[in-house]
Every structure is written in structure tokens, then in C-alpha cells.
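Read through the structure below, which is laid out as C-alpha cells, and then see the notes.
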Amino acid sequence: MAQAQKKVFGIVLAGGEGKRLMPLTTDRAKPAVPFAGQYRLIDFALANLMNSGLNQIVVLTQYKSHSLDRHISQTWRMPAILGAYVSSVPAQQRRGKHWFSGSADAIFQSLNLIHDEKPDIVVVVGADHVYRMDFAQMVQQHIDSGLGATVAAIRQPIEMSTAFGVIDTDPNNPGRIREFLEKPEQVEGLPDSPKEILASMGNYVFDADKLIEYVTRDAENEDSKHDMGGDIIPAFVANGDAGVYDFIHNDVPGSTPRDRDYWRDVGTIDSFYEAHMDLIATLPVFNLYNEQWPIMSQQLNSPPAKFVRDGRGTTGTMIDSIISLGSVISGSHIERSVLGPWTRVMSGAIVVDSITFDRVQVEPGAIVRRAILDKNVVVREGASVGENPDLDRARGYTVTESGLTVVPKNAVVER
Ligand code: ADQ
């Protein structure tokens with residue numbers, strides 16, 4: 001197989017701010033935001049790359065990267081003896097006294113890493129999506145096409161065009177991109193489905209020499225925003241050198257008909273919440289229990305989750321939920337919720353349609369509904385959150401348009 005002779009190197013772009021996920025990104029980078037209890041968002045990108053056979057991967061970080069760096073060094077440590085690594089590389093101001101001004105600049109400033117490894121192919125992926133993808137299949141198509149760049153794509157509703165790079169393919173050669181518009185306001189739908197567009201997933205495969213050439217040229221262009229989607233991909237397209245890889249053809253071992261094409265950008269509070277709800281449906285829309293394509297993460301050195309009666313002998317109920325290690329739930333009602341590690345829910349408390357991060361404590365009789373509780377939040381005895389949007393706003397919490405309340409890290413919700 002051609003691919004076996006090629007050396008493939010992975011770059012994960014993890015420097016984005018994640019403004020639309022505030023306050024969850026107040027003091028952590030978006031790729032470090034916890035997901036589904038024990039994971040961090042970046043685990044999906046890294047697990048996909050590793051499961052695809054890539055084992056030399058750098059993560060380019062910048063914004064509030066401390067917890068991200070710690071997670072990568074603790075969780076993704078590789079046996080160096082095999083030459084494998086996942087290393088996080090902070091912006092180092094190697095090319096002058098400025099941080100990365102965009103994702104292409106992040107790669108430009110890190111070209112020494114590519115020069116060190118001398119790969120044939122570079123796979124560049126974002127760090128903030130929930131999905132399974134076998135990049136080996138995309139790399140194979142890239143090699144077969146002979147093009148310099150390949151962009152992974154998925155159909156999305158047309159009203160989301162402002163969030164994505166929108167791809168127009170050549171009708172005479174559907175594998176080739178004819179036009180690439182980054183986050184356009186106005187766009188036409190697909191010929192066979194006018195309410196949909198073909199969106200870039202923000203995952204790319206490049207010939208290494210071409211990537212070096214394009215980002216180097218881009219760095220000299222003062223009019224450029226130095227963005228992969230806004231500048232580099234359009235430049236490849238202008239030269240007729242970009243192809244599209246349709247995600248629909250990606251076949252990951254162990255995936256189910258329901259979650260085969262699952263891909264979610266969890267860039268907003270609402271989409272982040274919905275992706276959690278996808279996990280807990282009886283027939284999950286996204287199945288975490290696929291052992292053939294595991295999403296690896298931190299191995300918490302924690303005791304199992306435990307469910308007990310409360311001190312008065314009242315039993316609790318728990319349904320359609322995920323409860324992480326270290327948690328103790330006593331005499332309380334949990335429904336359609338995802339609880340992070342070391343959560344405590346006490347006697348008579350109710351947690352419904354909610355997400356908690358690590359070490360949240362819900363005291364006796366408290367009520368949590370349609371809320372996201374960040375790390376270390378305490379909901380005091382008898383207090384409620386998520387039941388009254390005006391009260392939650394007055395307390396200084398974020399309430400989304402759809403009525404989700406987000407309680408920031410370390411907050412104490414008083415009665
Ligand atoms: P966005 O996600 O909006 O669109 P961007 O904010 O550049 O684009 O983020 C892409 C990735 O790069 C993220 O993982 C982010 O963390 C990282 N990143 C951003 N700035 C960075 C920097 N300065 N240094 C390092 N990493 C950085 C992109 C594409 C679209 C595509 C969508 C799919 O531009 O074309 O449709 O992803 O979600």
C-alpha cells in the first residue's frame with residue numbers, strides 16, 4: 001500500500017480561544033474543556049489520530065494552555081523507545097515577538113518540528129470536535145489524488161454556513177474543490193440538496209513540502225489573517241491543488257449505523273450540551289462503548305461510582321445518565337445528566353438535564369435543572385439552579401437563549 005511507504009506526521013491545532021464557550025473557557029483552552037465526565041475535548045482528535053496509526057503528533061497550544069499541557073503530558077505519554085510521542089508545543093515566539101496570529105501562523109512558527117521529522121504527509125486537525133474518524137482512509141485518498149491538499153468535509157444545514165468553510169466542488173471532477181469560502185454570509189445550497197452545504201471539518205491532509213511552501217508564502221503576506229481556513233486552503237484551491245474527502249465514506253471499525261457519520265462542532269454552550277445529550281440516549285447517537293476505536297483519556301486513579309440510600313433509608317433513582325468515577329450519589333434523583341468525576345449528590349437532591357464537571361457538590365434537597373456546573377461548584381442545601389433564568393442572570397451566571405444556565409468554576413450557589 002502506498003501509504004505504508006509514506007511518513008505521516010500529525011499536527012493538532014489547539015490554540016483557539018473558544019469565546020463562544022465562555023464561561024467554560026474563562027481559564028482553560030477550549031480543547032481542554034471537559035467532556036462526557038472523564039474526557040477533554042482534545043481526546044477525540046488525539047484518539048482518532050492514534051487509532052489511525054499516526055504516532056508522532058504535536059499539539060500547538062497558545063491560549064490559557066496550562067490545563068491542556070498538563071492533560072497532554074499526563075494522559076498522552078508515549079513510550080519514547082518506539083519513537084512515538086504526543087507533545088504539546090506552546091507558542092515560542094521563534095519568528096519574532098508575537099504570539100500565533102492565526103492557525104497558519106501557528107504552523108509557520110512550528111515549521112522546525114516538520115523539518116526535524118521530514119514527513120511526506122502532514123495531517124492537520126482541529127481540537128474541538130466530537131467524532132470518530134479514520135485518517136488513514138483520508139490519507140490514502142489524498143495520495144491517490146496527487147493533489148497538494150485534501151480537506152475533510154461533511155454536509156451541514158445551510159443556515160450554519162457562517163460557522164464553516166463552505167466547499168464547492170467541480171461538477172466534472174467532484175473530488176476537486178473549485179471554490180472555498182470561509183464562513184460566508186450568503187451561499188447556495190448543494191445541487192442535490194438545496195438546504196445543505198458541504199462544510200469543511202477543519203481537518204486537512206497536505207503534502208509536507210507544499211504545506212511548508214504555502215505557510216511560508218502566507219507569512220510574508222501582510223494582508224493575510226494567517227488562517228488555515230481563511231487563507232491557506234483558498235490559496236491551494238486557487239492553484240487547482242485542493243481535493244475534498246467526503247466524511248460519508250469514512251468507515252471506522254465498530255461504528256454503528258447511528259453514529260457512523262457523527263461529527264459535532266461543540267463550539268457553543270448549546271451544541272456542547274446537545275452533544276452530551278447524544279451520549280445518554282438509550283440507543284446513543286454517539287456510542288462511547290466502541291472498543292474497536294477507543295477514545296482514550298486520563299485513567300483516573302479513583303474509586304468506582306457508588307449509589308446508596310441516604311441516612312434515612314430513602315433510595316435514589318437514576319436513569320439515562322452517565323456517572324463518572326469517584327462519585328457518590330445518595331438518596332437523590334438523577335435523570336438525563338452527565339456527572340463528572342468525584343461528584344457528590346446528597347439526600348433528596350434532584351439533578352435533571354444537566355452536566356457537571358469534576359468535584360461538583362449538590363447538597364441535600366438542592367435542585368439542578370438544565371444547567372452546566374463547572375469544576376468545584378457547590379449547590380447549597382435547598383438551593384436551586386436552572387429553574388429561574390432571571391434569578392440565575394441576577395446571580396451573574398450565563399443563561400443561553402435556549403435557557404441553559406452555566407455556573408462558573410468554584411461558584412457557590414446559595415439558597
Ligand atoms: P474555526 O473553528 O472557526 O473554523 P479556528 O478558530 O481557526 O477556526 O479554529 C480551528 C482550530 O485551530 C481549532 O482547533 C483552534 O483551537 C485552533 N486554532 C485557532 N487559532 C489558533 C492559533 N492561533 N494557534 C493554534 N491553534 C489555533 C475552522 C475552519 C473552517 C471549518 C471549521 C470546522 O477555519 O473552515 O469549517 O473549522 O469546525
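Any Cβ shown, glycine's included, is placed from N, Cα and C.
Caution: TrEMBL annotation is automatic and unverified by curators.
Feature annotation from TrEMBL assigns alpha-D-glucose 1-phosphate binding site to Gly165, Glu182, Lys183, Ser200. Lys183 (alpha-D-glucose 1-phosphate binding site) carries neither a helix nor a strand DSSP state and counts as coil. In the structure as shown, the Cβ atom of Lys183 (alpha-D-glucose 1-phosphate binding site) sits within 10 Å of 14 other Cβ atoms.
Computed over the domain 'Nucleotidyl transferase' (10-279), the whole-number mean pLDDT of the model equals 92. The domain 'Nucleotidyl transferase' feature in TrEMBL is assigned to 10-279.
According to DSSP, Ser200 (alpha-D-glucose 1-phosphate binding site) sits within a strand segment. Other than the site residues Gly165, Glu182, Lys183, Ser200, same-chain residues with C-beta atoms no more than 8 angstroms from the centre of those residues' C-beta atoms, the alpha-D-glucose 1-phosphate site, are Phe164, Val166, Phe180, Leu181, Pro184, Ala199, Gly229, Gly230, Ile233. Listed in sequence order, Val151, Ala152, Ala153, Phe164, Gly165, Val166, Ile167, Phe180, Gly229, Ile233 are the same-chain residues at least 6 apart in sequence whose CB falls under 8 Å from the CB of Ser200 (alpha-D-glucose 1-phosphate binding site). Long-range Cβ contacts of Glu182 (alpha-D-glucose 1-phosphate binding site) within its own chain (separation 6+, distance under 8 Å): Gly165, Val166, Asp227, Gly229, Gly230, Ile233, Pro234.
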